[in-house]
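According to TrEMBL, the protein carries these features:
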DOMAIN    A:11-162  domain 'Cytochrome c assembly protein'
TRANSMEM  A:7-30  transmembrane segment
TRANSMEM  A:42-64  transmembrane segment
TRANSMEM  A:85-104  transmembrane segment
TRANSMEM  A:116-134  transmembrane segment
TRANSMEM  A:146-163  transmembrane segment
TRANSMEM  A:191-211  transmembrane segment
Amino acid sequence: MKFIYQTWWKVIAVLLVFSTFITGLLFRVPRLPIIHETIRNLYFHVPMWMGMLTVFVVSVYYSIKYLRSGKEEHDLAAVECVNTGLMFYTLGLLTGMLWAQYAWGEFWSGDSKQNSAAIAFLLYCAYLVLRNSIDEEQKRAKISAIYNIFAFPVMIVLIFVLPRMTDSLHPGSGGNPAFGRYDLDNGMKLAFYPAMLGWSFIALWIATVRYRIRLIENKKNAIN
Amino acid sequence: MPLINMKKLAFLLPLLFCFAIASAQQAQPVEMADVLRSSGKIYVVIATICIIFAGLAVYLFSIDRRLKKLEKEN
């Protein structure tokens, strides 16, 4: 049976995320000014981006696969991965904004991390707009696959590279504490890694469910 | 005997002094949700989150199962 139809990894993902609710909220965390207990957002806000990243990587994989094989399923897998990724993207942005309200004083302060995340969000929205603007199926699949392959590295640079090179308030940028410093705390690793892994697989799971629905829809819409 | 004690004291006192300075240099205590945790109410929040996530997980599993049935029919 194919991996996406199996149940065991879905159960593991749920259990991993469950464990982080307990470890992430109860275990001791470093006492840092300004962020206080919101340091625990590391277990909930950051995994949203990890989940997004996972499905986007899978999406690029299927876009490349589509260009090589020309099989329609690969194109459908790529779209549904982007759809799921955008959901997690939105959750990441919203939780980040909520945190910014309390740590930085404003929901949106035009911080470079926030701005480039917004630009990358539009980049992926453009992918969906591009798809819907082309009627011919093979052309649509091919063009959007190429767009997707190019959009991914641009998104990576916008979200994970550029804010680190400029003055961003976000943890991990401009000398603000992030991984390096939290990593010293072994207690935090215990909740952080399961959260990253668990949420990645949850995102993947939702993407596979969407993909399977899409396959059925596609079959129904096909000309018999 | 008293000589040894004096020696010990001479060793311990500066050490204690150093410790006092080190702890005084630490930043003032950072405010955390200690009260909430000590009064045990954080467990309520954890339980709430767990219930919500359990519900969502069960829901996802049930969607998965329905989908499997549909896939078999097709």
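Backbone N, Cα and C define each Cβ position, glycine as well.
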Remote residues contacting the transmembrane segment (A:146-163) - C-beta distance under 8 A, at least 6 residues beyond either end: 49, 56-57, 59-60, 63-64, 67, 78, 82, 111-113, 116-117, 119-120, 123-124, 126-127, 130, 170, 173
Interface-richest range of A:7-30, A:116-134, A:191-211 toward the transmembrane segment (A:42-64), CB pairs under 8 Å: A:191-211
Intrachain neighbours beyond the transmembrane segment (A:191-211), with Cβ under 8 angstroms and 6 or more residues off its ends: 4, 9-10, 12-17, 19-20, 23-24, 27, 42-44, 46-48, 50-55, 58, 76-77, 80-81, 83-85, 87-88, 182
